[in-house]
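Down below is the structure, laid out as structure tokens.
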Amino acid sequence: MSSCARKGAAGHGKTAHIAIDPVTRIEGHLKAEVTVEGGKVVDAKLSGGMYRGFETILRGRDPRDSSQIVQRICGVCPTAHATASVMAQDAAMGTKITTNGRITRNLILGANYLQSHILHFYHLAAQDFVQGPDSAPFVPRYKNSDLLTDRNKGLAAVNAAAVDQYVEALDVRQICHEMVAMFGGKMPHAQGLVAGGASEIPTKDRLIEYAARFDKVKEFVVNKYLPVVYTVGSQYKDLFAVGQGHRACIAYGVFPLNDEMTKFMMKSGVYYGGKDHALDPSKIHEDVKYSWFDDSTTGLHYTKGQTKPTPHKEGAYSFVKAPRYDGVACEVGPLARMWVENPPLSPIGQKALKEHFGLNAKNFRDLGEDAAFSLMGRHVARAEETWYMLSFIDQWLKEVKPGEETYVKPEIPASGEGTGFTEAPRGSLLHFLKIEDGKIDNYQVVSATL
């Protein structure tokens, strides 16, 4: 449940302060505060009100514990945190994983991606755009808004199918969880992602089971998820012109395609100031000027980062740190990955963009900055990334070798350090691990969101 507190009226010449705490439909403890004067927003704050302290919890532990503990950071993308953690461990321990280990990790994380993207649209966002029946979870709904009145004349078919697709998406998400569990042991908090690769050796039977479930997910994505995003977008064309922000984004690269970890399904890169830049990890820092952390830790490179909570710090309003790349605040997530990679669009997307917007778009950047970085552009990016993944998962199922080893036993050094760069479904994620005397001396997480 979330609560909304309002002080004053927001009419002409008047001031109102609105607070929503917590903001629902996200993972994390978020509070939103807005001050309105004369009908316009003059101040806004987003704050994270919970101190998690996982970096502190991990100090002094066996490095191999970290991949299990950090999955509790997020209930939506625990596999991404495990992936970043085991990659950091591999780097710190000098472990080179097997081809089967790499592919098995991709199959685990890939299934979680599919689940997360479907969750985001159907169960977190779709109710803003379509009108279901007069029953939960479709009520209460906005009143006196064209969002669910005039526009819905063009969404009659979508509205009629809203309940069926909403429920079917729940079933599809369960199937995705089962896919994770086949090689991860369970979901959430998969135990199969470990330093040195993956603990489960894929068998023919297990791969057949995974593939059968994947076929069901693929059918849903191609025949329902992707088409409905474009149908909704066709009725909300104005939302392709708002929400662009400052058009800066970053991606760390995800789903390695070779054992050297130099080629990825979604490559790394940075875009800001209208230009593309190669990712330079030395430019990643965290600012805590307005966060409840000691000022001595602000602006530090993540390898030097410290977690020193200061809950009564004057001028601070959040437990969320502010990552920066070369001083720039960068957007992360499906939009960032799609913009950096610029992959081909689905046939469904190409046809819809031509029909509804007059765009001859073959690749994602053909949408142009205005549309791509918009509110609806982000939904298109997530749906198109989901479609783009399908052929890669198909290929990984062909490449994996049943019965071959997925694990290389790591040797814990007396001292060492390493960073795991990956992408959670909702954005860039890195874990840094420093080992001293065979134990964790420092652990830092630079997260995509709360």
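Backbone N, Cα and C define each Cβ position, glycine as well.
TrEMBL entries are annotated by machine, without manual review.
Annotation source TrEMBL lists Mg(2+) binding site at GLU55, VAL445. Annotated Ni(2+) binding site per TrEMBL: CYS74, CYS77, in sequence order. Among the features that TrEMBL reports, Fe cation binding site is placed at CYS77.
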### Task
Any same-chain residues 6+ apart from GLU55 (Mg(2+) binding site) with CB under 8 Å of its CB? Would you list them in sequence order, or say none?
THR307, ASN442, TYR443, GLN444, VAL445
### Task
Provide the three-state secondary structure of VAL445 (Mg(2+) binding site) computed with DSSP.
strand
### Query
Which has the fewest other CB atoms in a 10 Å radius around its CB: CYS77, VAL445, the listed binding-site residues?
VAL445
### For CYS74 (Ni(2+) binding site), the number of other Cβ atoms found within 10 Å of its own Cβ
22
### Query
Does DSSP give CYS77 (Ni(2+) binding site) helix, strand or coil?
coil
